[in-house]
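Engineer: First the structure, then my questions, so here it is.
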Amino acid sequence: MAGGAFVSEGGSGGRDYEGGVTVFVVITCMVAAMGGLLFGYDLGISGGVTSMDEFLSKFFPQLERQRQKVKNETAYCKFDDQKLQLFTSSLYLAALVASFVASVVTRKYGRKVSMFTGGLAFLTGALINAFAINVTMLIIGRLLLGVGVGFANQSTPVYLSEMAPAKIRGALNICFQVAITSGILVANLINYGTSNMAKHGWRVSLGLAAVPAILMVIGSFFLPDTPNSMLERGKYEEAKQMLKKVRGTDNVDHEFQDIRDACEAAKKVEHPWKNIMQSKYRPALVFCSAIPFFQQITGINVIMFYAPVLFKTLGFGDDAALMSAVITGVVNVLATFVSLYSVDRFGRRFLFLEGGIQMFICQILVGSFIGLKFGTTGTGTLTPATADWILVFICVYVAGFAWSWGPLGWLVPSEICPLEIRPAGQAINVSVNMFFTFLIGQFFLTMLCHMKFGLFYFFAGMVAIMTIFVYFLFPETRGVPIEEMGKVWKQHWFWKNYIPDDAVIGGHDEN
(Lines of atoms letter the chains of each structure in order from A; the text may use other names.)
(Lines give C-alpha, C1' and ligand atoms only; values in the text may rest on other atoms or scores of the structure.)
Protein backbone atom coordinates (compact mmCIF):
# COMPACT_ATOMS: atom_id res chain seq x y z
CA MET A 1 0.00 0.00 0.00
CA ALA A 2 1.56 3.24 -1.17
CA GLY A 3 0.22 6.75 -1.14
CA GLY A 4 -3.02 5.71 0.44
CA ALA A 5 -3.96 3.35 -2.37
CA PHE A 6 -3.78 -0.31 -3.17
CA VAL A 7 -3.22 -1.40 -6.75
CA SER A 8 -6.24 -2.41 -8.75
CA GLU A 9 -5.76 -4.77 -11.60
CA GLY A 10 -7.18 -3.90 -14.97
CA GLY A 11 -10.63 -5.20 -15.72
CA SER A 12 -11.08 -8.43 -17.61
CA GLY A 13 -12.39 -7.85 -21.08
CA GLY A 14 -10.97 -4.31 -21.31
CA ARG A 15 -7.62 -2.51 -21.26
CA ASP A 16 -5.54 -2.22 -18.07
CA TYR A 17 -5.28 1.15 -16.35
CA GLU A 18 -2.67 2.12 -13.81
CA GLY A 19 -3.64 3.38 -10.43
CA GLY A 20 -5.47 1.91 -7.53
CA VAL A 21 -8.30 2.24 -5.09
CA THR A 22 -7.56 5.31 -3.00
CA VAL A 23 -8.93 6.18 0.39
CA PHE A 24 -10.23 9.36 -1.22
CA VAL A 25 -12.38 7.54 -3.77
CA VAL A 26 -13.73 5.08 -1.19
CA ILE A 27 -14.79 7.89 1.16
CA THR A 28 -16.22 9.90 -1.74
CA CYS A 29 -18.30 6.96 -2.96
CA MET A 30 -19.55 6.20 0.54
CA VAL A 31 -20.72 9.79 0.99
CA ALA A 32 -22.39 9.80 -2.44
CA ALA A 33 -24.09 6.49 -1.72
CA MET A 34 -25.94 8.17 1.15
CA GLY A 35 -28.38 9.23 -1.55
CA GLY A 36 -29.76 5.73 -1.20
CA LEU A 37 -30.88 6.59 2.33
CA LEU A 38 -33.59 8.81 0.82
CA PHE A 39 -35.07 5.95 -1.16
CA GLY A 40 -34.60 3.36 1.57
CA TYR A 41 -36.07 5.41 4.39
CA ASP A 42 -39.19 6.12 2.39
CA LEU A 43 -39.59 2.48 1.31
CA GLY A 44 -39.52 1.42 4.95
CA ILE A 45 -41.46 4.25 6.57
CA SER A 46 -44.61 4.28 4.44
CA GLY A 47 -45.67 0.71 5.25
CA GLY A 48 -45.29 1.22 9.00
CA VAL A 49 -47.15 4.52 9.02
CA THR A 50 -50.05 3.11 6.99
CA SER A 51 -50.50 0.39 9.62
CA MET A 52 -50.75 2.90 12.52
CA ASP A 53 -54.33 3.28 13.78
CA GLU A 54 -53.97 7.01 14.63
CA PHE A 55 -52.73 7.80 11.11
CA LEU A 56 -55.51 5.76 9.49
CA SER A 57 -58.29 7.24 11.63
CA LYS A 58 -57.10 10.81 10.94
CA PHE A 59 -56.64 10.61 7.18
CA PHE A 60 -58.49 7.48 6.06
CA PRO A 61 -61.53 7.01 8.37
CA GLN A 62 -63.38 5.17 5.63
CA LEU A 63 -60.79 2.41 5.83
CA GLU A 64 -61.59 1.75 9.50
CA ARG A 65 -65.23 1.27 8.59
CA GLN A 66 -64.20 -1.06 5.78
CA ARG A 67 -61.96 -3.09 8.10
CA GLN A 68 -64.85 -3.59 10.49
CA LYS A 69 -67.08 -4.63 7.60
CA VAL A 70 -64.70 -7.31 6.32
CA LYS A 71 -63.45 -8.34 9.77
CA ASN A 72 -65.41 -11.57 9.70
CA GLU A 73 -65.38 -12.05 5.95
CA THR A 74 -61.89 -12.10 4.41
CA ALA A 75 -58.40 -11.32 5.63
CA TYR A 76 -57.26 -10.51 2.11
CA CYS A 77 -59.25 -7.26 1.77
CA LYS A 78 -58.63 -5.55 5.12
CA PHE A 79 -56.59 -2.68 3.64
CA ASP A 80 -57.96 -2.44 0.09
CA ASP A 81 -58.32 1.34 -0.29
CA GLN A 82 -57.21 3.38 -3.31
CA LYS A 83 -56.54 6.60 -1.37
CA LEU A 84 -54.34 4.77 1.12
CA GLN A 85 -52.42 3.18 -1.73
CA LEU A 86 -52.12 6.58 -3.45
CA PHE A 87 -50.34 7.90 -0.33
CA THR A 88 -47.66 5.25 -0.90
CA SER A 89 -47.51 5.25 -4.69
CA SER A 90 -47.74 8.99 -5.52
CA LEU A 91 -44.06 9.42 -4.64
CA TYR A 92 -42.97 7.05 -7.38
CA LEU A 93 -45.09 8.72 -10.04
CA ALA A 94 -43.34 12.01 -9.23
CA ALA A 95 -39.96 10.24 -9.27
CA LEU A 96 -40.73 8.92 -12.75
CA VAL A 97 -41.25 12.44 -14.13
CA ALA A 98 -38.36 13.91 -12.14
CA SER A 99 -35.91 11.33 -13.51
CA PHE A 100 -36.25 12.78 -17.01
CA VAL A 101 -35.58 16.31 -15.76
CA ALA A 102 -32.70 14.96 -13.68
CA SER A 103 -31.07 13.40 -16.75
CA VAL A 104 -30.75 16.87 -18.32
CA VAL A 105 -29.49 18.46 -15.10
CA THR A 106 -27.00 15.63 -14.58
CA ARG A 107 -25.54 16.05 -18.05
CA LYS A 108 -25.44 19.86 -18.20
CA TYR A 109 -24.52 20.77 -14.63
CA GLY A 110 -22.92 17.65 -13.19
CA ARG A 111 -23.83 14.74 -10.95
CA LYS A 112 -23.39 16.58 -7.63
CA VAL A 113 -25.82 19.36 -8.61
CA SER A 114 -28.43 16.71 -9.33
CA MET A 115 -27.80 15.07 -5.95
CA PHE A 116 -28.09 18.43 -4.16
CA THR A 117 -31.41 19.16 -5.91
CA GLY A 118 -32.73 15.75 -4.92
CA GLY A 119 -31.79 16.24 -1.27
CA LEU A 120 -33.40 19.68 -1.12
CA ALA A 121 -36.69 18.46 -2.64
CA PHE A 122 -36.77 15.47 -0.27
CA LEU A 123 -36.16 17.73 2.74
CA THR A 124 -39.07 19.98 1.77
CA GLY A 125 -41.39 17.02 1.26
CA ALA A 126 -40.45 15.48 4.60
CA LEU A 127 -41.30 18.68 6.47
CA ILE A 128 -44.66 19.06 4.70
CA ASN A 129 -45.58 15.46 5.56
CA ALA A 130 -44.59 15.88 9.19
CA PHE A 131 -46.94 18.86 9.59
CA ALA A 132 -49.74 17.57 7.33
CA ILE A 133 -53.30 18.29 8.44
CA ASN A 134 -55.13 16.71 5.50
CA VAL A 135 -54.67 14.19 2.71
CA THR A 136 -53.84 16.94 0.19
CA MET A 137 -50.79 18.02 2.21
CA LEU A 138 -49.75 14.38 2.53
CA ILE A 139 -49.87 13.88 -1.24
CA ILE A 140 -48.02 17.16 -1.98
CA GLY A 141 -45.31 16.14 0.46
CA ARG A 142 -45.09 12.70 -1.14
CA LEU A 143 -44.77 14.25 -4.60
CA LEU A 144 -41.83 16.39 -3.43
CA LEU A 145 -40.26 13.31 -1.86
CA GLY A 146 -40.65 11.68 -5.27
CA VAL A 147 -38.78 14.52 -6.96
CA GLY A 148 -35.96 13.97 -4.49
CA VAL A 149 -35.89 10.22 -5.11
CA GLY A 150 -35.96 10.75 -8.90
CA PHE A 151 -32.95 13.08 -8.83
CA ALA A 152 -30.97 11.01 -6.33
CA ASN A 153 -31.59 7.68 -8.05
CA GLN A 154 -30.72 9.13 -11.44
CA SER A 155 -27.42 10.70 -10.44
CA THR A 156 -25.97 8.63 -7.60
CA PRO A 157 -25.43 5.27 -9.41
CA VAL A 158 -23.85 7.11 -12.35
CA TYR A 159 -21.58 9.05 -9.98
CA LEU A 160 -20.45 5.86 -8.26
CA SER A 161 -19.79 3.99 -11.52
CA GLU A 162 -17.72 6.86 -12.92
CA MET A 163 -15.64 7.36 -9.78
CA ALA A 164 -14.87 3.70 -9.08
CA PRO A 165 -12.03 1.73 -10.71
CA ALA A 166 -13.36 -1.11 -12.87
CA LYS A 167 -11.99 -3.79 -10.55
CA ILE A 168 -14.19 -2.78 -7.61
CA ARG A 169 -16.87 -0.81 -9.42
CA GLY A 170 -19.48 -3.36 -8.39
CA ALA A 171 -18.64 -3.21 -4.70
CA LEU A 172 -18.53 0.60 -4.53
CA ASN A 173 -21.74 0.94 -6.55
CA ILE A 174 -23.47 -1.49 -4.22
CA CYS A 175 -22.79 0.98 -1.40
CA PHE A 176 -25.87 2.69 -2.87
CA GLN A 177 -27.91 -0.46 -2.19
CA VAL A 178 -26.39 -0.77 1.29
CA ALA A 179 -27.63 2.76 1.97
CA ILE A 180 -31.10 1.83 0.66
CA THR A 181 -31.36 -1.26 2.87
CA SER A 182 -29.96 0.64 5.85
CA GLY A 183 -32.59 3.32 5.31
CA ILE A 184 -35.31 0.64 5.24
CA LEU A 185 -34.05 -0.90 8.49
CA VAL A 186 -33.78 2.46 10.26
CA ALA A 187 -37.33 3.30 9.13
CA ASN A 188 -38.63 -0.04 10.45
CA LEU A 189 -36.96 0.55 13.83
CA ILE A 190 -38.37 4.08 14.03
CA ASN A 191 -41.85 2.82 13.15
CA TYR A 192 -41.59 0.20 15.90
CA GLY A 193 -40.64 2.90 18.39
CA THR A 194 -43.14 5.57 17.34
CA SER A 195 -46.05 3.11 17.19
CA ASN A 196 -46.01 3.07 21.00
CA MET A 197 -46.21 6.86 21.30
CA ALA A 198 -49.49 8.13 22.72
CA LYS A 199 -49.93 10.73 19.97
CA HIS A 200 -48.31 11.84 16.72
CA GLY A 201 -45.99 8.87 16.32
CA TRP A 202 -46.66 8.96 12.59
CA ARG A 203 -45.53 12.62 12.44
CA VAL A 204 -42.20 11.68 13.98
CA SER A 205 -41.77 8.81 11.51
CA LEU A 206 -42.51 10.99 8.49
CA GLY A 207 -40.58 14.01 9.77
CA LEU A 208 -37.38 12.09 10.42
CA ALA A 209 -37.09 11.63 6.65
CA ALA A 210 -35.49 15.07 6.85
CA VAL A 211 -32.36 13.53 8.39
CA PRO A 212 -31.14 11.59 5.31
CA ALA A 213 -32.15 14.57 3.17
CA ILE A 214 -29.93 16.90 5.22
CA LEU A 215 -27.06 14.41 4.95
CA MET A 216 -27.53 14.37 1.18
CA VAL A 217 -27.60 18.18 0.89
CA ILE A 218 -24.51 18.66 3.06
CA GLY A 219 -22.65 15.76 1.44
CA SER A 220 -23.23 17.09 -2.08
CA PHE A 221 -21.46 20.35 -1.12
CA PHE A 222 -18.25 18.53 -0.31
CA LEU A 223 -18.28 15.89 -3.04
CA PRO A 224 -16.01 16.50 -6.06
CA ASP A 225 -17.47 16.06 -9.52
CA THR A 226 -16.44 13.03 -11.55
CA PRO A 227 -13.72 13.34 -14.23
CA ASN A 228 -16.32 12.22 -16.80
CA SER A 229 -18.69 15.02 -15.81
CA MET A 230 -15.90 17.63 -15.86
CA LEU A 231 -14.88 16.57 -19.36
CA GLU A 232 -18.49 16.77 -20.52
CA ARG A 233 -18.41 20.46 -19.53
CA GLY A 234 -15.01 21.20 -21.07
CA LYS A 235 -12.94 21.27 -17.85
CA TYR A 236 -10.07 19.19 -19.25
CA GLU A 237 -7.25 20.09 -16.86
CA GLU A 238 -9.48 19.87 -13.80
CA ALA A 239 -10.73 16.49 -15.00
CA LYS A 240 -7.20 15.13 -15.37
CA GLN A 241 -6.18 16.36 -11.93
CA MET A 242 -9.28 14.78 -10.41
CA LEU A 243 -8.58 11.47 -12.17
CA LYS A 244 -5.03 11.50 -10.74
CA LYS A 245 -6.48 12.11 -7.29
CA VAL A 246 -9.08 9.35 -7.41
CA ARG A 247 -6.66 6.80 -8.92
CA GLY A 248 -3.72 7.69 -6.67
CA THR A 249 -1.20 7.98 -9.50
CA ASP A 250 0.07 10.59 -11.95
CA ASN A 251 0.13 8.07 -14.79
CA VAL A 252 -3.50 8.25 -15.91
CA ASP A 253 -2.88 9.20 -19.55
CA HIS A 254 -4.45 6.06 -21.04
CA GLU A 255 -7.62 6.17 -18.95
CA PHE A 256 -7.94 9.93 -19.34
CA GLN A 257 -7.63 9.66 -23.12
CA ASP A 258 -10.26 6.93 -23.22
CA ILE A 259 -12.68 9.02 -21.17
CA ARG A 260 -11.88 12.09 -23.29
CA ASP A 261 -12.50 10.16 -26.50
CA ALA A 262 -15.81 8.97 -25.12
CA CYS A 263 -16.68 12.53 -24.11
CA GLU A 264 -15.89 13.89 -27.56
CA ALA A 265 -18.09 11.22 -29.11
CA ALA A 266 -20.83 12.10 -26.63
CA LYS A 267 -20.70 15.80 -27.56
CA LYS A 268 -21.41 14.90 -31.17
CA VAL A 269 -24.64 13.27 -30.03
CA GLU A 270 -27.21 16.07 -30.08
CA HIS A 271 -30.19 13.86 -29.30
CA PRO A 272 -29.28 11.11 -26.79
CA TRP A 273 -32.93 10.04 -26.55
CA LYS A 274 -33.05 9.54 -30.29
CA ASN A 275 -29.62 7.93 -30.47
CA ILE A 276 -30.29 5.37 -27.77
CA MET A 277 -32.78 3.85 -30.21
CA GLN A 278 -30.00 3.08 -32.68
CA SER A 279 -29.09 -0.54 -33.30
CA LYS A 280 -25.65 -0.34 -31.69
CA TYR A 281 -27.22 0.76 -28.40
CA ARG A 282 -29.95 -1.91 -28.46
CA PRO A 283 -28.44 -4.01 -25.63
CA ALA A 284 -28.19 -0.96 -23.36
CA LEU A 285 -31.78 0.07 -24.17
CA VAL A 286 -33.13 -3.42 -23.52
CA PHE A 287 -31.36 -3.91 -20.20
CA CYS A 288 -32.02 -0.36 -18.96
CA SER A 289 -35.72 -1.15 -19.52
CA ALA A 290 -35.94 -4.85 -18.64
CA ILE A 291 -33.83 -4.94 -15.48
CA PRO A 292 -35.83 -2.31 -13.53
CA PHE A 293 -39.08 -3.89 -14.78
CA PHE A 294 -38.05 -7.32 -13.55
CA GLN A 295 -36.64 -5.86 -10.32
CA GLN A 296 -40.08 -4.54 -9.38
CA ILE A 297 -42.09 -7.48 -10.67
CA THR A 298 -40.24 -9.79 -8.25
CA GLY A 299 -42.77 -8.53 -5.71
CA ILE A 300 -40.06 -7.20 -3.39
CA ASN A 301 -41.86 -3.92 -2.78
CA VAL A 302 -44.82 -5.90 -1.51
CA ILE A 303 -42.50 -6.61 1.42
CA MET A 304 -40.74 -3.23 1.52
CA PHE A 305 -43.91 -1.08 1.25
CA TYR A 306 -46.44 -3.16 3.05
CA ALA A 307 -44.56 -5.54 5.37
CA PRO A 308 -46.41 -4.38 8.52
CA VAL A 309 -49.73 -4.23 6.63
CA LEU A 310 -49.11 -7.67 5.11
CA PHE A 311 -48.23 -9.19 8.48
CA LYS A 312 -51.30 -7.61 10.10
CA THR A 313 -53.40 -9.00 7.25
CA LEU A 314 -52.05 -12.47 8.03
CA GLY A 315 -53.04 -12.13 11.68
CA PHE A 316 -49.87 -10.86 13.36
CA GLY A 317 -50.57 -8.40 16.19
CA ASP A 318 -49.64 -4.71 15.82
CA ASP A 319 -46.27 -5.00 17.57
CA ALA A 320 -45.58 -8.40 16.04
CA ALA A 321 -46.24 -7.03 12.54
CA LEU A 322 -43.82 -4.13 13.03
CA MET A 323 -41.19 -6.36 14.67
CA SER A 324 -41.46 -8.82 11.76
CA ALA A 325 -40.78 -5.89 9.41
CA VAL A 326 -37.71 -5.04 11.50
CA ILE A 327 -36.49 -8.64 11.18
CA THR A 328 -36.83 -8.61 7.38
CA GLY A 329 -35.05 -5.24 7.40
CA VAL A 330 -32.08 -6.70 9.28
CA VAL A 331 -31.90 -9.62 6.84
CA ASN A 332 -32.05 -7.14 3.96
CA VAL A 333 -29.03 -5.17 5.23
CA LEU A 334 -26.91 -8.22 6.09
CA ALA A 335 -27.60 -9.90 2.74
CA THR A 336 -26.61 -6.74 0.88
CA PHE A 337 -23.15 -7.00 2.43
CA VAL A 338 -22.93 -10.47 0.87
CA SER A 339 -23.26 -8.83 -2.54
CA LEU A 340 -20.51 -6.35 -1.62
CA TYR A 341 -18.17 -9.30 -1.15
CA SER A 342 -19.33 -11.43 -4.07
CA VAL A 343 -20.28 -9.12 -6.96
CA ASP A 344 -16.70 -8.56 -8.14
CA ARG A 345 -15.61 -12.10 -7.28
CA PHE A 346 -18.39 -14.26 -8.73
CA GLY A 347 -19.85 -11.79 -11.20
CA ARG A 348 -23.25 -10.35 -12.02
CA ARG A 349 -24.68 -13.37 -13.85
CA PHE A 350 -24.10 -15.77 -10.97
CA LEU A 351 -25.86 -13.50 -8.48
CA PHE A 352 -28.76 -12.82 -10.86
CA LEU A 353 -29.35 -16.55 -11.42
CA GLU A 354 -28.84 -17.74 -7.85
CA GLY A 355 -31.03 -14.98 -6.44
CA GLY A 356 -33.76 -15.70 -8.97
CA ILE A 357 -33.92 -19.40 -8.07
CA GLN A 358 -33.98 -18.60 -4.35
CA MET A 359 -36.79 -16.04 -4.73
CA PHE A 360 -38.86 -18.38 -6.92
CA ILE A 361 -38.80 -21.18 -4.35
CA CYS A 362 -39.68 -18.85 -1.48
CA GLN A 363 -42.61 -17.20 -3.30
CA ILE A 364 -44.09 -20.63 -4.03
CA LEU A 365 -43.71 -21.70 -0.40
CA VAL A 366 -45.17 -18.47 1.05
CA GLY A 367 -48.13 -18.63 -1.35
CA SER A 368 -48.73 -22.27 -0.46
CA PHE A 369 -48.64 -21.66 3.30
CA ILE A 370 -51.08 -18.74 3.00
CA GLY A 371 -53.31 -20.72 0.63
CA LEU A 372 -53.47 -23.71 3.01
CA LYS A 373 -54.42 -21.50 5.97
CA PHE A 374 -56.73 -18.95 4.36
CA GLY A 375 -57.81 -20.64 1.12
CA THR A 376 -59.79 -18.54 -1.35
CA THR A 377 -62.25 -17.25 1.25
CA GLY A 378 -59.67 -15.45 3.38
CA THR A 379 -61.03 -16.93 6.59
CA GLY A 380 -58.80 -18.71 9.04
CA THR A 381 -56.01 -18.08 11.51
CA LEU A 382 -52.29 -18.68 11.58
CA THR A 383 -50.79 -20.91 14.23
CA PRO A 384 -47.59 -19.52 15.77
CA ALA A 385 -45.57 -22.23 14.00
CA THR A 386 -47.04 -21.41 10.59
CA ALA A 387 -46.53 -17.68 11.14
CA ASP A 388 -42.90 -18.34 12.01
CA TRP A 389 -42.36 -20.41 8.86
CA ILE A 390 -43.93 -17.70 6.68
CA LEU A 391 -41.61 -15.14 8.26
CA VAL A 392 -38.59 -17.43 7.69
CA PHE A 393 -39.36 -17.92 3.99
CA ILE A 394 -40.04 -14.21 3.51
CA CYS A 395 -36.62 -13.52 5.09
CA VAL A 396 -34.91 -16.04 2.79
CA TYR A 397 -36.72 -14.41 -0.15
CA VAL A 398 -35.58 -10.94 0.96
CA ALA A 399 -31.99 -12.22 1.30
CA GLY A 400 -32.08 -13.62 -2.24
CA PHE A 401 -33.22 -10.26 -3.58
CA ALA A 402 -30.79 -8.25 -1.44
CA TRP A 403 -27.67 -9.94 -2.82
CA SER A 404 -28.86 -10.13 -6.43
CA TRP A 405 -31.62 -8.14 -8.11
CA GLY A 406 -31.61 -5.41 -5.45
CA PRO A 407 -28.09 -4.05 -5.93
CA LEU A 408 -27.64 -5.30 -9.50
CA GLY A 409 -30.80 -3.52 -10.59
CA TRP A 410 -28.93 -0.25 -10.02
CA LEU A 411 -25.38 -1.37 -10.80
CA VAL A 412 -25.82 -3.00 -14.21
CA PRO A 413 -27.75 -0.21 -15.99
CA SER A 414 -25.27 2.37 -14.69
CA GLU A 415 -22.24 0.46 -16.00
CA ILE A 416 -23.39 -0.70 -19.46
CA CYS A 417 -24.17 2.65 -21.12
CA PRO A 418 -21.46 4.55 -23.02
CA LEU A 419 -21.08 8.20 -22.02
CA GLU A 420 -23.00 9.59 -24.97
CA ILE A 421 -26.24 7.90 -23.89
CA ARG A 422 -25.55 7.44 -20.16
CA PRO A 423 -27.95 10.12 -18.82
CA ALA A 424 -30.70 8.87 -21.14
CA GLY A 425 -30.04 5.25 -20.21
CA GLN A 426 -30.07 5.97 -16.49
CA ALA A 427 -33.23 8.07 -16.85
CA ILE A 428 -34.93 5.11 -18.56
CA ASN A 429 -33.74 2.83 -15.77
CA VAL A 430 -35.08 5.11 -13.03
CA SER A 431 -38.35 5.92 -14.81
CA VAL A 432 -39.19 2.28 -15.58
CA ASN A 433 -38.29 1.38 -12.00
CA MET A 434 -40.48 4.14 -10.60
CA PHE A 435 -43.39 3.42 -12.96
CA PHE A 436 -43.65 -0.20 -11.92
CA THR A 437 -42.96 0.71 -8.28
CA PHE A 438 -45.94 3.06 -8.60
CA LEU A 439 -48.12 0.29 -10.04
CA ILE A 440 -47.16 -2.16 -7.30
CA GLY A 441 -47.67 0.47 -4.61
CA GLN A 442 -51.04 1.56 -6.01
CA PHE A 443 -52.57 -1.82 -6.75
CA PHE A 444 -50.93 -4.47 -4.54
CA LEU A 445 -53.56 -4.38 -1.79
CA THR A 446 -56.29 -4.53 -4.43
CA MET A 447 -54.50 -7.41 -6.19
CA LEU A 448 -54.18 -9.23 -2.85
CA CYS A 449 -57.91 -8.77 -2.28
CA HIS A 450 -58.80 -10.29 -5.68
CA MET A 451 -55.96 -12.74 -6.42
CA LYS A 452 -55.55 -13.85 -2.80
CA PHE A 453 -52.67 -16.29 -2.19
CA GLY A 454 -52.38 -16.71 -5.98
CA LEU A 455 -50.67 -13.31 -6.07
CA PHE A 456 -47.51 -14.91 -4.69
CA TYR A 457 -47.63 -17.52 -7.46
CA PHE A 458 -47.94 -14.68 -9.96
CA PHE A 459 -44.76 -13.06 -8.67
CA ALA A 460 -43.02 -16.45 -8.65
CA GLY A 461 -43.89 -16.84 -12.34
CA MET A 462 -42.38 -13.44 -13.10
CA VAL A 463 -39.20 -14.40 -11.23
CA ALA A 464 -38.93 -17.55 -13.33
CA ILE A 465 -39.27 -15.56 -16.57
CA MET A 466 -36.65 -12.99 -15.59
CA THR A 467 -34.18 -15.69 -14.51
CA ILE A 468 -34.48 -17.37 -17.90
CA PHE A 469 -34.06 -13.97 -19.57
CA VAL A 470 -30.77 -13.38 -17.75
CA TYR A 471 -29.50 -16.89 -18.46
CA PHE A 472 -29.81 -16.51 -22.22
CA LEU A 473 -29.30 -12.78 -22.83
CA PHE A 474 -27.10 -11.21 -20.16
CA PRO A 475 -23.30 -11.49 -20.60
CA GLU A 476 -20.90 -11.06 -17.70
CA THR A 477 -19.82 -7.42 -17.21
CA ARG A 478 -17.60 -7.91 -14.15
CA GLY A 479 -14.33 -5.94 -14.32
CA VAL A 480 -14.97 -4.40 -17.74
CA PRO A 481 -14.20 -0.64 -17.91
CA ILE A 482 -17.37 1.27 -18.74
CA GLU A 483 -15.95 2.77 -21.93
CA GLU A 484 -14.98 -0.73 -23.16
CA MET A 485 -18.43 -2.29 -22.62
CA GLY A 486 -19.19 -2.35 -26.37
CA LYS A 487 -16.77 -5.25 -26.80
CA VAL A 488 -18.86 -7.38 -24.45
CA TRP A 489 -21.92 -7.01 -26.67
CA LYS A 490 -19.95 -7.76 -29.83
CA GLN A 491 -18.82 -11.07 -28.35
CA HIS A 492 -22.33 -12.17 -27.30
CA TRP A 493 -24.15 -14.74 -29.46
CA PHE A 494 -27.32 -12.63 -29.70
CA TRP A 495 -26.33 -8.99 -29.25
CA LYS A 496 -23.52 -9.13 -31.80
CA ASN A 497 -26.23 -9.04 -34.47
CA TYR A 498 -27.09 -5.48 -33.40
CA ILE A 499 -23.56 -4.09 -33.17
CA PRO A 500 -22.14 -3.02 -36.58
CA ASP A 501 -18.52 -3.96 -37.23
CA ASP A 502 -17.59 -0.30 -37.65
CA ALA A 503 -19.55 0.90 -34.62
CA VAL A 504 -17.80 3.36 -32.34
CA ILE A 505 -19.11 2.96 -28.80
CA GLY A 506 -17.90 5.11 -25.97
CA GLY A 507 -15.35 6.76 -28.21
CA HIS A 508 -13.52 3.55 -29.22
CA ASP A 509 -13.43 1.81 -32.51
CA GLU A 510 -14.76 -1.62 -31.67
CA ASN A 511 -13.14 -3.35 -34.62
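Cβ from N, Cα, C; glycine included.
According to TrEMBL, the transmembrane segment annotation covers 21-41, 86-106, 113-133, 202-223, 284-309, 321-343, 350-370, 390-412, 424-448, 454-474. The feature domain 'Major facilitator superfamily (MFS) profile' is assigned by TrEMBL to 28-478.
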Engineer: So, taking each listed stretch (86-106, 202-223, 350-370, 390-412, 454-474) in turn and counting its Cβ pairs to the transmembrane segment (424-448) that are under 8 angstroms, which one gives the highest count?
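Structural biologist: Against the transmembrane segment (424-448), the leading stretch is 86-106.
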Engineer: Sequence-remote contacts (6 or more beyond its ends) of the transmembrane segment (390-412), Cβ cut-off under 8 Å?
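Structural biologist: Distant Cβ neighbours of the transmembrane segment (390-412) are 153, 157, 161, 169-170, 173-174, 176-177, 180-181, 287, 291-292, 294-295, 298, 300, 303, 311, 314, 324, 327-328, 331-336, 338-339, 342-343, 348, 351-352, 354-359, 362-363, 365-366, 369-370, 382, 429, 433, 466, 474, 477.
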Engineer: Same chain, outside the transmembrane segment (202-223) by at least 6, Cβ under 8 Å from its Cβ: which residues?
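Structural biologist: Same-chain residues near the transmembrane segment (202-223) but 6 or more away: 28, 31-32, 34-35, 37-38, 41-42, 45, 48-49, 52, 54-55, 112-113, 115-116, 118-120, 122-123, 125-127, 129-132, 141, 145, 148, 152, 159, 183, 187, 190-191, 194.
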Engineer: Over the domain 'Major facilitator superfamily (MFS) profile' (28-478), what is the model's average pLDDT?
Structural biologist: 85
